Amino acid sequence: MQVTSSVREPLVTGGKTYKDVTHDVSRQVEGKPTIGWMLGLAVSIGVLLLGSIAVGATVWEGIGMWGLNKTVGWAWDITNFVWWVGIGHAGTLISAVLLLFRQKWRTSINRAAEAMTIFAVICAAMFPVLHMGRPWLGAYWALPLPNVFGSLWVNFNSPLLWDVFAISTYFSVSLVFWYIGLIPDFATIRDRATGLRKVIYGALSFGWTGAAKIWMRYEAVSLILAGLATPLVLSVHTIVSFDFATSVIPGWHTTIFPPYFVAGAIFSGFAMVLTLMLITRKLFKLEDYITMVHIELMNIVIIITGSIVGIAYITEFFIAWYSGVEAEQYAFINRAFGPYWWAYWSMMTCNVISPQLFWFKKIRTSIVFTFALSIVVNIGMWFERFVIIVTSLHRDYLPSSWAMFYPTWADVGVYLFTFGLFFTLFLLFAKFFPVINMAEVKSVLKSSSEKVNK
Amino acid sequence: MERDTNFVLGIYDDEDVLKEAVTKVRDSGVKIHEVFSPYPVHGLEDVLGYRRSRLPIAAFLFGLCGTCLALTMQILMMAVDWPMIIGGKDHAAIPDFIPVTFELTVLLAAFGMVGVFMISSDLKPWAQPRIFDKRSTDDKHVMAIDIAVNAGHEENKIKELLQASGASEVNNKSFE
């Protein structure tokens, strides 16, 4: 049976059948690891181990190991935290928001994007936990438990506590959403496996049979989880932005922060999804599933969110001038022309100018350009957080307390550690879990492929 | 424990053929035990005559519990047990409590609903499910008909019915 659409490009190319989908996706789970994968894992674990020296030193010596000082009390740690949380946003956006909007193109990329969310949030959580100085007590301080030294509770008026609830809810709901989606695919692998693999994937598949009644409930659960996760995506980065917006520091105390942070998060998240997807499709030969259509659509999301971020930067400047508040005006002039001018202009170049290149079809449909720009965007978004945090803190109302922030080897090391952790987890996921959602791809195959064989 | 049973299985290659087949089989008075598919087939639940899932109601009720729990907890802790003036706000500063209330509402709704789904669908890591045909998680749709339940119909007639409805294969399957 030939099913083609005259109005849109197919989402799955290569004339794949249902059996081909199973085979192509299960191939790397069932086969021996490739040299490329082993090399990648070795490098990631190497970086992880190298970075763990800095994490060990921080835990042992305290956060005096970092470059923070009395003026710049937050710097790389919170920059990295916000950056990683932002990266985590694309996963839930792809799986939940696009599901609600019935965007079928999400099916090939949602699994890996959700995995990226989980791992990015784990990396993000490292920073506030380490910043607590005594992380083994951190969980106790952050939870609403009665204090043994007196019945003093956590402060529910503080955005930092809202963050604890937001991030942990986001992490656990995303994890559940991801795992529920994995169950049918684990069953597919279970039914193809023998021996120990059958036992492991049998347990992971929770006894899934594919019964129509359970599929019906599964679809209801997916849709409601998507409905719950969609405002959750918006709430998490909104709450992260409250960490800054509810303070009175010039450059932080702005109402534009919630939407601006959410757009930035989706912007950086999509850039990271693109980086990972381009590597994954090449490494696992999935070019027929993650096609140029997917890449182009993601690039379009990057143009939109990048432009929103660009407008936000300009609005911030306008409001600083329009407010007439001297401290606010100085904060923004200092950002652009002060000692951290290089960070500000790196941010502007990477985030405002580079995504605009995607208006050209030739660039947004080029693998090389997309890969390069996806990395540029992530560098830019890191600088954005750095600029907001460090330039606002290092010169505030009191010139006598002005200071500079210089990162130490421990700052760099902890950041490296999270990179190692992220890529180690992602590579393990890509090898042992089905990296593409087989069941969902099969469900759109008939209407969205070049050809479906009867 | 499930009883020893014999089934007739109709194997289908296409979802549209399957949906028509389900209608035909049900119209002939044969009771379908279950249909197994590698992916969700939209509209199949309607032709099978399944009632709409009540999981949205479960999600709503769990969400409501989350809202109540969060508000009660914050008001008790901040305004009753250890009241402190923070930033000149009321002890029970409800606007400040909205973020945590929202998060706990979502958390309980999601976990409660998924828990109900797992329990009602008997999904658990140690489950030993009956696999009617391994291809039902790969590329085929499988319609299972319990012979004992359809005692009024001859087995051969059921097989002929499945064949006529477009099944690419008709098999027998027994479980002890």
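Glycine residues also receive a Cβ, built from the backbone N, Cα and C atoms like all the rest.
Heads up, TrEMBL stuff is auto-annotated, nobody curated it.
Now, the feature entries from TrEMBL:
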- A:37-60: transmembrane segment (TRANSMEM)
- A:80-101: transmembrane segment (TRANSMEM)
- A:113-130: transmembrane segment (TRANSMEM)
- A:161-180: transmembrane segment (TRANSMEM)
- A:223-240: transmembrane segment (TRANSMEM)
- A:260-279: transmembrane segment (TRANSMEM)
- A:300-322: transmembrane segment (TRANSMEM)
- A:342-360: transmembrane segment (TRANSMEM)
- A:367-392: transmembrane segment (TRANSMEM)
- A:412-433: transmembrane segment (TRANSMEM)
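With a cut-off of 8 Å on Cβ pairs spaced 6 or more residues apart, the transmembrane segment (A:260-279) and the transmembrane segment (A:367-392) reach 3 or more such pairs and are scored as touching. A contact between the transmembrane segment (A:412-433) and the transmembrane segment (A:113-130) is present, since 3 or more of their C-beta pairs, 6 or more residues apart, lie under 8 Å.
With a cut-off of 8 Å between Cβ atoms, the residues of this chain six or more beyond the transmembrane segment (A:342-360) that come close are 267, 299-300, 302-303, 305-307, 309-310, 313, 335-336, 369, 373, 376-377, 379-381, 383-384, 386-387, 390-391.
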